[in-house]
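Report on the structure given below.
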Amino acid sequence: MPATILIGAQWGDEGKGKATDLLAKDIDYVVKFNGGNNAGHTVVIGGDKYVLHLLPSGILNENVVPVIANGVVINPEVLFDEIATLNSRGVNTDKLVISANAHIIAPFHRTIDLVTERFLGKRQLGTTGRGIGPTYADKINRIGIRVQDLFDKSVLRQKIEGSLSNKNHMLVKVFNRRSVSVTEMLDYLLSFAERMRPMIADTSLLLNNALDCGKHVLFEGGQATMLDVDHGSYPFVTSSNATVGGAITGAGIGPTRVNKVIGVAKSYTTRVGAGPFPTELHDEYGEWLQKRGYEVGATTGRKRRCGWFDGVVARYATRINGITDYVLTKLDVLTGLDRIPICVGYKVGDSVFREMPVSQSDFHHAVPIYEDLPGWQCNISECESFDSLPPEARGYVLALEDLIKARISVIGTGPERENIIIRHPLGIF
């Protein structure tokens, strides 16, 4: 049975959690394949808000098996804190499965992340300080600590010693910090081993067997296309592949398994942290979007930078990921505007770009080319069909659809679970 991949089409915070929750009734497995606790998924169910940083959003559906695959980096302390929080609210987490090959975020990874970011000064990347980058760096440098290492004390000690050999030197000599004790770190990580043991599996085998048996599998991307380490606005990116290729390698499935790629985009654009953002607004409209959209990072608590919809970015996401369908979120936030600009291209010096510039220097200096569309004034949160939307809202959706070169199948019209319009049944399976 083919699989479906869900991808953020902008800079994250597009509403992927709500999209996953929407699809959960039709799926058997939800798989997190990249990142760690450096992003937050927010889902509102019956007026109750759930914010997940590490666990897959599908864990809120009791019929779904949530999987943390090999491409994820795991802070075990955060893992058990999230599990405890959900359990206290009546959510059953017993079905959670974790890859033995996922990498572990240790406290020293977080320390390295924070002191390195401070050391960069004005060149800071705006990381979340959760230790994600240093953990992936250890993975690439082949000195990482994997989940399976927690169950062999001698191997774990060797891995910790290997990882700390250069870090302690850097902490002491460069950052004037104290060195990290191998024994203390060993005891700390071993304290999680037995609690994690029942959750551990070969998740690649599990998922491929599930697909062979006709089970429905959804791969839920963390972060988004423009934060992808290869295809995003480098170096202001995350440390993993947040595009469709990341699902293949980050979960251990073959590309022929994939049937549909669903992109999630806001009806406007937001970004957290440093980096280029051509349509960013520094005026009352930017403030208006931030307040109306409650644009505060679920992980960092930082106000999100806000701007108009960027068609160049979304069309780029369509191309990079092979997106077949879009979920367009937060259309209701735009209610009340007399006019709504959308970015259809960039101007850099005397050059005009209709597609994403390959040069990051050009992207940094890109000036958006806007087309204005008429706004609407009426409340759309209770609209149940595309035809029941005001004509201006329908026109806005159709204009975006033409711009991004993929159909917009689902439209979010409010924060609640039921505030959606199914324009085209996704038919994901």
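Heads up, the Cβ atoms here are built off N, Cα and C, so glycines get one too.
For the IMP site, Swiss-Prot lists ASP13, GLU14, GLY15, LYS16, ASN38, ALA39, GLY40, HIS41, ARG142, GLN223, THR238, ARG302; matching the candidates THR128, THR249, THR256, THR318 against that entry yields THR128. Counting other C-beta atoms within 10 Å of each candidate's C-beta, the binding-site residues LYS303, ARG304 are led by ARG304. Geometry remark: THR413 (GTP binding site) versus GLY40 (Mg(2+) binding site), CA distance 20 Å. Looking only at other Cβ atoms within 10 Å, the busiest spot among the binding-site residues GLY12, GLY15, GLY40, GLY301 turns out to be GLY12.
In the three-state DSSP scheme, GLY12 (GTP binding site) falls into the coil class. Taking only the Cα positions, the spacing between LYS18 (GTP binding site) and ASN38 (IMP binding site) is 18 angstrom.
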